[in-house]
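Here it is, the structure in full.
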Amino acid sequence: MSDSVILRSVKKFGEENHAFESDGSHNNDKKSRLQDKMKEGDIRVGFFELFRFSSSKDIWLMLMGGVCALLHGMAQPGILIIFGIMTDIFIKYDIERQELEIPGKACVNNTIVWINSSFHQNMTNGTVCGLVDIESEMIKFSGIYAGVGMTVLILGYFQIRLWVITGARQIRRMRKIYFRRIMRMEIGWFDCTSVGELNSRFADDIEKINDAIADQLAHFLQRMSTAMCGLLLGFYRGWKLTLVILAVSPLIGIGAAVIGLSIAKFTELELKAYAKAGSIADEVLSSIRTVAAFGGENKEVERYEKNLVFAQRWGIWKGMVMGFFTGYMWCLIFFCYALAFWYGSTLVLDEEEYTPGTLVQIFLCVILAAMNIGHASSCLEIFSTGCSAATNIFQTIDRQPVIDCMSGDGYKLDRIKGEIEFHNVTFHYPSRPDVKILDNLSMVIKPGETTALVGSSGAGKSTALQLIQRFYDPCEGMVTLDGHDIRSLNIRWLRDQIGIVEQEPVLFSTTIAENIRFGREDATMEDIVQAAKDANAYNFIMALPQQFDTLVGEGGGQMSGGQKQRVAIARALIRNPKILLLDMATSALDNESEARVQEALNKIQHGHTIISVAHRLSTVRAADVIIGFEHGVAVERGTHEELLERKGVYFMLVTLQSQGDNAHKETSIMGKDATEGGTLERTFSRGSYRDSLRASIRQRSKSQLSLLTHDPPLAVADHKSSYKDSKDNDVLVEEVEPAPVRRILKYNIPEWHYILVGSLSAAINGAVTPIYSLLFSQLLGTFSLLDKEQQRSEIHSMCLFFVILGCVSIFTQFLQGYTFAKSGELLTKRLRKFGFKAMLGQDIGWFDDLRNNPGVLTTRLATDASQVQGATGSQVGMMVNSFTNIIAALLIAFFFSWKLSLIITIFFPFLALSGAVQTKMLTGFASQDKQALEKAGQITSEALSNIRTVAGIGVEGRFIKAFEVELQTSYKTAVRKANIYGLCFAFSQGIAFLANSAAYRYGGYLIAYEGLGFSHVFRVVSSVALSATAVGRTFSYTPSYAKAKISAARFFQLLDRKPPINVYSEAGEKWDNFQGKIDFIDCKFTYPSRPDIQVLNGLSVSVNPGQTLAFVGSSGCGKSTSIQLLERFYDPDQGTVMIDGHDSKKVNIQFLRSNIGIVSQEPVLFDCSIMDNIKYGDNTKEISVERAIAAAKQAQLHDFVMSLPEKYETNVGIQGSQLSRGEKQRIAIARAIVRDPKILLLDEATSALDTESEKTVQTALDKAREGRTCIVIAHRLSTIQNSDIIAVVSQGVVIEKGTHEKLMAQKGAYYKLVITGAPIS
């Protein structure tokens, strides 16, 4: 067979298809398009763009809700007309009363006259009297107030209900579209986008958009309606005074504009900082076992806190700016008061253009307008925050994916042979444009043949497979299928023709049957059973208690590596693909499993094009064609024998792997003894239900989720059993009681001086309003004075007091804004930090709980800490403000008329009842809403963390359906909330009018029969009315308050939990001369999440200092569990693990783990530089660069790193995604070496490496093992045969132990294990 690479001609569907142009212009255009899209744009979302997802029904709901809000807003200006008329009547009545109290005056013929004066004098100076029946007038006005109150009740209910419902509908649609758009994105986009950041956007940012388009907008419309009607009425009743009052309005407008722009900018910066912190939290929680193994808890808390400090800084600036401009606007409003009364009194007293009632009408209308503009400005912060939050969301939604995996475009071939050809393909990853992966690659893969791709790590083998799946498009050249450029083919159809089995299989948290059905949605149960049989998975599945309905756990964490791999193969086989891609498909398997899986793969070779990437040459040897890769180029092609004769790349790899052994002899041994493997199914296939959670130490590099989290199955499929199981598991969602506020505030104690100053400032601000009502009623009373000079003098005094109030307000409002922003942001940072630290301090068994998977925990960190501010921070200031307002107002009211005050305060319990009901109901709704969104967050986390698998098997649509089901639950909760919230809000608004109605009715009686002054009636009514408004305003905080108590309860539940294995504890034994002697004594163990499955059943084995102990046995026998017990991820249920004669349960955990290093098969790297990842090996002290480089050299890593453009500062990407497996492994080994441990744990440390890398890494490991106690888990004999002790484990018990020679001589289980399955070199 020729070893040259042939470039065949290409069939074109049409000349207009630019995909076939050879100059690469199309590719360059795509590349530039991608780069343009990936750039962080300066696009800002306009407010009205937030409603882009509204339907016609939503528009009608918003229109009706808007009309209700506008009509509601007109109620207050409308009632001021009545108030003005009432004021004139009161003043006339009071003047008449004062005149009649003068000795010598009497009312004659409705005129007050001097009894002894002449008729002419009396006609000139007489005052009309006896025409005002004050009580009957008050009855009439009382009826009008009551009517307006009932109208407000109705309008307020529909105003809130309609806006909350339409907001929920639009947010539901936005979440759907956002998730759908993300699921359409090409893989290159995910390389440049943090999954943790996306989860934060789902959890936090969309919630901020909801705040901007729901009930807050209703409040804004209501307030603006009040403001506009007030202004119009003011101009109608007296344009001169209105213009004077409005003279300062441009300054108010400027203030509002500055607030909006500043808040938007600070919010954007704050959100970016929180998103970065969220990304770190997601990465760390997903890699919790690596963090625990290397003692990185405190280091990760510090890394997380650094980003919180940035967010805190911007939050404080936001509070300062808000406080200053709020004070600035209140100052202008009080200056307006002074100016209005000074000039208005001139128009009343000197020019007599206005009556006092008209003056009051104009003044109150314009001031009411100004105040409502001020209140509406607080909504601007929410709107600005919503727009800032929407920027990233909408950029993603509007971005057109370069490769749209759900597009209907492209051709579908009627028949497919399966011939694949690479034509001069050059490629680099979008996230690393400076590193060329494929360099002018050309090769042909013939239909129906098995083609093996071999080469060193980083040569481009796996990249070639990703191009075939069209995860990426070539930068230059093209890939063709049966002569057609794959870019011209429908991408969904293309991926349906391809089956993929990877080294690190991703299973989804549902049943085994549903995981296999992911391969083909319309598969019947018979198809699933057959696929399982073909993958040699049927027997182990049927041995499980629930068989095909067994839940696999998060990421397949409930299963061993071999079991997961066989389920993944079944999933690929059920598709009956024309092309099968095997990317290290059997490297993670033990010998027995590999043999069975290889047998399954051999069954389906006929009629399929198979492309295999493998490092075990025993797997490669049987291929029809082998293509050797080197530096992104296919350098040789041929059969096993042809390439050996050529003595090129392949020959070198074979030579390295065989280590001088005769490959043909190895094959004959396998053929001779393979028949003996039949007995091993019974001996080794049982044991633990999973391979002692192999994933506990080695994480999937592609997954952000912890493999040990056992979640209920997500409803990602239509299959009834899966969905039912999901529902049944809902009962496991833990309810929490709302946290007491005093405990929340206890966490703010370090900021007590800020809270004290802020509370004093808030108290002063709260007292300002009652003082204003006192001054206002006093000013009204001056108009009934008989002496005009006295009137002027008192009015000028009142105006001076208003100026003083304005000056005080600007100072105290700034202090309130700054101090509570400071205390609130520090609390948020503290809670996030404490929460994150508490999470990292939990025992590993806690993470096994379905309620604590990384997606849920990250969501809680993102939302709960910020929501706690609903009961602290600026909310405390608002509450103190309202409380002081109420107390001061009641004191003033009871001082001037206790009888009238009592009548009005009768209405207070109704307000309190309304608020209590609202708080109670909304607390429940907040909890339900959070549960629904956490389940939705779990779905998004699983889908996005495993996006390559999701895209490869084409199940985006199923995740989208599951996500939308959870959104529907959240929507139903919102609808129920709308009704309760609307009723409570309406009641709190309408009750004030009803209270006024009763007050004026009884006030009229007190004036008529008990001689109460009308100014006292105004004083009492306005004071209590304002305090009632404060009560209503307090209850408007109840939604935030309800959320805050639930969120705080979750935090306290976490902080209060005492983990059985406490990593932060200083207790426990430590000793200087740590030797590394290990004894497992009769250890029995079951995982907390699976108490019915016995994993270890009396394991006993010892290893002396400096010796190497190798654990061998079939998948699932409990090998890796022993490592976890040694690391104290868990403690044995019975028995003891002894370290140097000390019971591990009594040893200090940090001390124990600091003396243990681990290298696992699937190493977890962090999203930072290579240097930082190496230094992570020892977090107890600062590692020098020289020491890290020395470790890299020992791990055979240094030369590779120095070839990179940024060398040791090269970022490895999320979970090391920018590196090949071999490169990641060598970094992990360097990390372990730099730790200099006394005990070294090697869990399949070289199985993921290519032959060349394995040789160098094994040399490094052999050197690292010197002088250390070492425990090795491996499937390759070459790795373990030189061990001092080899322990054969079956069903959680050591059944044989000894040296290699001793065990082979016994011809027992070890002997059978060696000769069964894939050849062991």
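The backbone N, Cα and C atoms fix where each Cβ goes, and this holds for glycine too.
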Quick check on the record annotations: which of N109, N424 is tagged N-linked glycosylation site by Swiss-Prot?
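The candidate carrying the N-linked glycosylation site note in Swiss-Prot is N109.
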For the candidates N116, N440, I need the one that Swiss-Prot annotates as N-linked glycosylation site.
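Cross-referencing N116, N440 with Swiss-Prot, N-linked glycosylation site lands on N116.
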Distance check, please: Cα of K1119 (ATP 2 binding site) against Cα of S462 (ATP 1 binding site), rounded to an integer number of angstrom.
30
Looking only at the topological domain 'Extracellular' (777-794), what is the mean pLDDT?
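Value for the topological domain 'Extracellular' (777-794), mean pLDDT as a whole number: 77.
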Counting only pairs at least 6 apart in sequence, do the transmembrane segment (756-776) and the transmembrane segment (870-890) share 3+ Cβ pairs under 8 Å?
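Stretch pair touches.
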What same-chain residues, at least 6 away in sequence, bring their CB to under 8 Å of the CB of G458 (ATP 1 binding site)?
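Result: I437, F1200, L1219, S1220, G1222, E1223.
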Three-state secondary structure of C1117 (ATP 2 binding site) from DSSP?
coil
Find, among the binding-site residues listed as K461, K1119, the one whose Cβ has the highest number of other Cβ atoms within 10 Å in the structure shown.
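Result of the Cβ crowding comparison: K1119.
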Please classify the secondary structure at G455 (ATP 1 binding site) using three-state DSSP.
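The three-state answer is strand.
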Please list, for the topological domain 'Extracellular' (341-353), how many residues fall into helix, strand and coil according to DSSP.
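Split by secondary structure, the topological domain 'Extracellular' (341-353) comes out as 9 helix, 0 strand, 4 coil.
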Since the record lists S456, S457, S462, S1120 as binding-site residues, which of them has the fewest other Cβ atoms within 10 Å of its Cβ?
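Minimum Cβ neighbour count within 10 Å, taken over the binding-site residues S456, S457, S462, S1120, occurs at S462.
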Please report the distance from the Cα of G455 (ATP 1 binding site) to the Cα of C1117 (ATP 2 binding site), rounded to the nearest angstrom.
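Each residue's Cα considered, G455 (ATP 1 binding site) and C1117 (ATP 2 binding site) end up 33 Å apart.
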Using the alpha carbons only, what distance in Å do you get between S462 (ATP 1 binding site) and C1117 (ATP 2 binding site) once rounded?
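Cα-Cα distance, S462 (ATP 1 binding site) to C1117 (ATP 2 binding site): 31 Å.
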Spatially, and counting Cα to Cα, which of the binding-site residues is closest to S1120 (ATP 2 binding site)? Options: S457, A459, G460, K461.
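Of the binding-site residues S457, A459, G460, K461, S457 has its Cα closest to that of S1120 (ATP 2 binding site).
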How many Å lie between the Cα of A459 (ATP 1 binding site) and the Cα of G1113 (ATP 2 binding site)?
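Given the Cα positions, A459 (ATP 1 binding site) is 33 Å from G1113 (ATP 2 binding site).
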